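Undergrad: This structure is in structure tokens; I'll ask about it shortly.
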Amino acid sequence: MTVNPRLYPLLATIGIFMLAYLVCWMQFPYMLSTRVVGNLLTDNAYLGIVAVGMTLVILSGGIDLSVGSVIAFSGVFIAVLLRDTGLHPLAAFAILLAVTTAFGAAMGGVIHLLAMPAFIVTLAGMFLARGAAYMLTIESVPIVHPFYETLKNAYWLMPGKGRLTLIAIVMLLAVVAGALIAHRTRFGASVFAIGGGEQTARLMGVRVGATTVGIYAFSGFMAGLSGIVFSIYTSSGYPLATVGTELTAIAAVVIGGTLLTGGAGYVLGTLFGVLTMGLIQTYIVFDGSLSSWWTKIVIGVLLLLFILLQRGLLRVSSLRA
Amino acid sequence: MLLSIRSLSKSFPGTKALDAVDFELKAGEVHALLGENGAGKSTLIKCMTGAYRRDSGQILLDGQPVSPGTTSEAQELGIGTVYQEINLLPNLTVAQNLTFGREPRRFGMISSRAQRDMAREMLAGYGLDIDVGRDLGSYSVAVQQVIAIARAVSLSGKVLILDEPTASLDAAEVRMLFDILRDLRDRGLGIVFVSHFLDQVFDLCDRLTVLRNGCKIATEAIAETDRLKLIKHMLGRELDEATEEERRKTTAPHEERHEMLRFDRVGRPGTVAPFDLTVRRGEVIGLAGLLGSGRTESAELLFGVRAAQSGQAHDEAGPVDFSNPRAAIRAGFGFAPEDRKTDGIIADLSVRENIVLALQARRGWTHPVPRAEQNRLADDYIARLDIRTSDAEKAVGDLSGGNQQKVVLARWLAMNPRFLILDEPTRGIDIGAHAEILRLIHQMTAEGMALLVISSEFDELVAVSDRIIVLRDRRHAHALVGDEVTADAIVRAIATPDAAQTQTRGAA
Amino acid sequence: QTVGFSQIGSESGWRAAETTLTRQQAEERGIDLKFSDAQQRQENQIAAIRSFVAQGVDAILLAPVVATGWDSVLEEAQEAEIPVVLLDRQVDAPDDLYLTAVGSDLVHEGEVAGQWLVEKVGDRECRIVELQGTTGSSPAIDRATGFRNAIEGHDNLEIVRSQTGDFTRTGGKEVMESFLQAESGNEICALYAHNDDMALGAIQAINEAGLNPGEDILIVSIDAVPDIFKAMAEGDANATVELTPNMAGPAFDALEAYWEDGTMPEKFIQTESTLYTQDDDPMAEYEARKDLGY
Amino acid sequence: MRRTFTRVLPQLLTLAVLMALVTLFFPQFLAVDYQGGRLSGPVIDVLKRGAPVALLAVGMTLVIATRGIDLSVGTVMAITGAAAAWAIASGWGAGTAVLLALAAGLVCGLWNGCLVAVVGIQPIVATLILMTSGRGIAQLITEGRILTFNDPGFAWLGSGILAGLPVPVFIWILTAVAVAILMRRTALGLLVEAIGINRSASALAGVNARVLLIAVYMASGLCAALAGIIATADIRGADANNAGLWLELDAILAVVIGGNSLLGGRFSVAASVLGAMIIQTIDTGILLAGFPSEYNLVIKAGLVLIILVLQSPNLASEWYFLRRSLTQRREPKPVPSRVKE
Ligand SMILES: Nc1ncnc2c1ncn2[C@@H]1O[C@H](COP(=O)(O)OP(=O)(O)OP(=O)(O)O)[C@@H](O)[C@H]1O
Ligand SMILES: Nc1ncnc2c1ncn2[C@@H]1O[C@H](COP(=O)(O)OP(=O)(O)OP(=O)(O)O)[C@@H](O)[C@H]1O
Ligand SMILES: [Mg+2]
Ligand SMILES: [Mg+2]
């Protein structure tokens, strides 16, 4: 059976991740413990969720720079809401998700109606969301609620003491949901179509406006969900949290094999992109000898290495085909 | 009346593209929409199908006023369309393109197996044997064109609109398409057909409407019109077709011409098998072959777009470097590519800037072409090639398809190359401009320029070429010289394969 | 012994000095230090601590980027019986989750600075401008609070303008320039900066505006980095409150005692917030500090 | 000249309105006084403080014209500043320090350009790599501390006075004028626009797209180096951690406020530097108006958004059709014909 060339970038991503894990494992045998695997999933849960939203945005040829700020805003919003009102966290979640989804939809609307580049609209969105977080509070607000305790302590103890936490499971579910939406619905098909060429998509009958609004609303929803997960992860809301997360998410999506120009990619690839970013972090912590500045340099170099490897693999496979 | 359009108008900044146009389409007819480049055919189609917002006018479908605001609304009304430039999405699979908007679903989710089945069903009858799970972009222009037609056909409950569907198809495919169209017509569909090939119009259509400068000139039954009358409608004047006959007689036999360039064993594995080519001053070499036979790729090798992995070139002065386009240009080559949208025009730049671009690139950035010189060149070629534009500062992307093609030609003529490669130079060009371009070819060769022309129209090739090379399966299989240069000979050369080899079409 | 150290990042010279001193201390005591730079991100710190736990280190040093949100990860460390020592900033978690916290009291620092100013100006009217740290960061919030506590009840002191300079020199300079425009320089009597870097930037701005920092405008700030002593020696700055970068020394002391026989240290080991003024031989202080990696 | 003026008219108007707005909140905004051989006043501050973003915007304009983006400029400022400070600290003198910084900027640009043009990595990702790791390189040079120096010559570049005005003002204006002339008096502008709109067609027409792309990123690196020199000279120290932090976003905003399309093609350097001044006016205005600092971001975001919306070409047509559809019956919506593929 021959492999469809469409799958090459995805396979390359997964292959490189496996290879990288192997290299890490040979250096630190402990890397293969369920504990490390569980940590990898839990620690990157919020990133994975937001990256799924980002994948759809990038598939449509857009970009969403606001997500990092939206995560911070979400945490602050929930924390303040729980502190100042007697709402149940679930109600707070519902309100928050409505707010962030509407925020995303509004950005999508501006992008479409005013034909403004997504980069700029979401950049303004990034300032706005963080500014809104500041206006709610400038301090970090702890979340104390019995329900949060339950959420925090919900995990499945894997053999070997690793924990598969609730938020990790939420992340995996988000990936599955994202994959189904992107690859198995008409909405997803429209997203790919817009990424392939907006004008063409329009002529093929895509409702570009509605789809654009939907895409950014989805990203806003995912950022809100990621904010919830992050607030569970840290039991607090902090307006300065997750600065620059949008760039990490974009990098993860790109490493996951999605083209930044839009129209080609897989949500599953994004999961591996996120895990790769997490692996780089873990490796650096395990190593523990890098100074602050070398940490930055090494992260950059590893990022470049992954991208080059991926391109190399793709070139080789396209030559063979 | 199935579809009637009353007094439809549309202006763009600086142009009145449609001026109170009426148009009527009956059920069960094929109606040709004709006109010069820039006459407004594509604009009319786009206004009809909701891709453009019209300024004024009425559209009636089955007597009911309709106003499709988006193309998807038009599709829901039963109007299927193949647009001229933009067809399908190269990043989606063939199946996704074909079923787009009507994907079969199970439990709300698209079932990709059912989708592929549906796609294969839609393609049945078009003689394409391709893997519908592959990206559309991996197939040739012709295959994509057939897929676009198949999609539009299946979308057209009542009306099917085809804007130059045959521009990149070869004769066999055109025949097959026509069979399908006749069948649809007999089933009561109304079909709008745009083409610059008048033979096809007379072969297929029942009635025709001619547009000129955005105005409707005439609607007539095919039976009541003839070629000359039609051309007169389109151009507003008679066309002088005599020149073509003249030429072959006036030029010297090609052996006596001065040899200018010699390519030895140029080739690239997986692209085109190594071939030799001798180019003489003032001669026209035609490249013939079926779609996918490697004509474009041969041209790309000669111009360095794809680096040749073997072979070299010589002229009197010694070896010639053609390893990349810039080197080839320095060596005096020129290349007007096949896909003008992605490889030819710079859409947002003006006509003037597009024309001087290559010249400027060769002179280097430190030696800007003076503005007066730029204006002179632009005005000169706008006049010589009859480029229809409001002025030289209009963005090329806003010109009609045929006029964009002329701008690309003008760019290379302005370079005055010694060896110019034209890949499908007359694709999408109207009959007046077609004659104009052939005349230009003659004029250029008379001044000593050598040409390599690729065309799917054998008659056109025969008309211009001194020599024709026939390609088959990515090999230069045959050369026809002198009296052998006839359309029949080409067809025969293509059809008699070297025993073992069989023709494959479609996926390369 | 292996100790994991989760540092916030390297956003300032002070932080770099803290890192340098921690490494030095570890080396002197023969401790294997695993260092992790979190690039200002709490999530990276949490991930790092979990990695330390997974690797089974003997103790963890944590300089928390923010006060909240550490409960669950600290619980995880506790379950693995790894003692955690907090450095220089407090957290908002039950104090049985960590061994001890070494640090200064940020509010107190602000108070020391404020008290100095109150004494210095006496009964004179004094219009104060304030250069705040990064909006939302705990030093910015606490140092602002402390300073306000100290000047409360002294009606002759008034904070007339307050704006963030993001803890940076450029920020300090730019914001000070706008203060000087907005309040017409001569009417400003004192500047309170949440860190020395901003004060140093502001000093340049004051100089360039043709005024005399240290005389026309009194300058008090916090941290005691080497450069501010140089400025004091030149008479450009008036006072600074020390925040020692040597948090690791007391932390390792506590850890070693704990490893040895399980001695539980105090829950909060407070470092001193010493006030330095121009009278404290600033040049000598500068020489003493300049090689600490600030 | 006429054409440039009509091109930048929207930006000039925006700037004027904005200045009027700031004057409402801070009446002395337009006051300028002259004493001790130098002009001073909020407007002069805007001109001076806007220098780094204006310089970055000049380079960024070229990069964006080729359909790219350069996220690394803020980091390059840090690297070049660190290099200059290091050179001075090692006793090499101001001249060498400036040359070293410029060279470092060029090298950074070359690196970005090669990743984009030769390796073929998408610009956002390619420059993201330098953006994250470059600050590490800068810290490596300064070893994490603020590397201070005392060289009056070098400091003059940041805070000196020439003919009554701060030196950085001259640096950014001269750079912008030089680049604009270079682009428009030679064919560079046309070639850069061509590769930005359609790279493959330009390459087929013989434009050396690869070299041009690299050159454009190098120009951006050079501009960032100038900005880095100014920032470093201004505080007489290289702050590797904070120099130029997030300034790339301001620079991109400036280019877009200048009416340049992020999709590449037509560009105007003059409009971009006006965009930078608009942003600086907002920043300075916020500082002068004296709002609490937690409002800074919201105010800035709000103003930027309003400016962009008002400048959006679609707004006019939307208005037109909205008004028409209120009077007439509903008509199909326009296809923005601007959006080309
Ligand atoms: N988006 C646009 N903006 C401005 N002018 C346009 C635009 N699209 C088309 N035009 C102009 O409208 C006129 C009609 O163009 P149209 O594409 O309809 O011609 P056509 O008959 O299809 O020609 P061809 O045979 O070359 O395809 C031309 O003069 C063209 O320049
Ligand atoms: N290695 C390949 N893999 C996939 N498709 C290929 C490959 N090589 C060529 N093709 C496709 O085959 C097509 C035919 O090649 P080429 O364009 O040279 O033929 P042509 O005779 O000029 O036909 P056309 O008239 O369609 O241009 C190419 O356009 C390309 O889409
Ligand atoms: Mg047309
Ligand atoms: Mg071809």
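Including glycine, each Cβ sits where the backbone N, Cα and C put it.
Here's the feature list from TrEMBL:
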TRANSMEM  A:7-28  transmembrane segment
TRANSMEM  A:48-81  transmembrane segment
TRANSMEM  A:93-114  transmembrane segment
TRANSMEM  A:120-144  transmembrane segment
TRANSMEM  A:164-182  transmembrane segment
TRANSMEM  A:213-233  transmembrane segment
TRANSMEM  A:240-260  transmembrane segment
TRANSMEM  A:266-286  transmembrane segment
TRANSMEM  A:293-313  transmembrane segment
Undergrad: Would you confirm whether the transmembrane segment (A:293-313) and the transmembrane segment (A:240-260) meet the contact rule of 3 or more C-beta pairs below 8 angstroms, pairs 6 or more apart in sequence?
TA: yes
Undergrad: Verify whether three or more Cβ pairs under 8 angstroms connect the transmembrane segment (A:93-114) with the transmembrane segment (A:164-182), leaving out any pair fewer than 6 apart in sequence.
TA: no
Undergrad: Could you name the stretch, out of A:48-81, A:93-114, A:120-144, A:213-233, A:240-260, with the greatest number of CB pairs under 8 A to the transmembrane segment (A:7-28)?
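TA: Ranked by Cβ pairs under 8 Å, first place goes to A:240-260.
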Undergrad: Mind checking which residues reach the transmembrane segment (A:213-233)? Cβ under 8 Å, same chain, six or more beyond either end.
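TA: Result: 42, 45-47, 49-50, 52-54, 56-57, 60, 62, 64, 66-67, 70-75, 77-79, 93, 96-97, 99-105, 107-109, 111-112, 118, 122, 143, 148, 151-152, 166-167, 170-171, 174, 178, 181, 187, 191, 194, 241-242.
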Undergrad: When you scan the chain for residues with a C-beta under 8 Å from the transmembrane segment (A:240-260), skipping those not six or more beyond its ends, what do you find?
TA: 9-10, 12-13, 46-47, 50-51, 54-55, 58-59, 63-69, 71-72, 75, 126, 140, 230, 234, 266, 268-274, 276-277, 303, 306-307, 310
Undergrad: Return the stretch with the most CB pairs under 8 A relative to the transmembrane segment (A:48-81), choosing among A:93-114, A:120-144, A:266-286.
TA: A:120-144
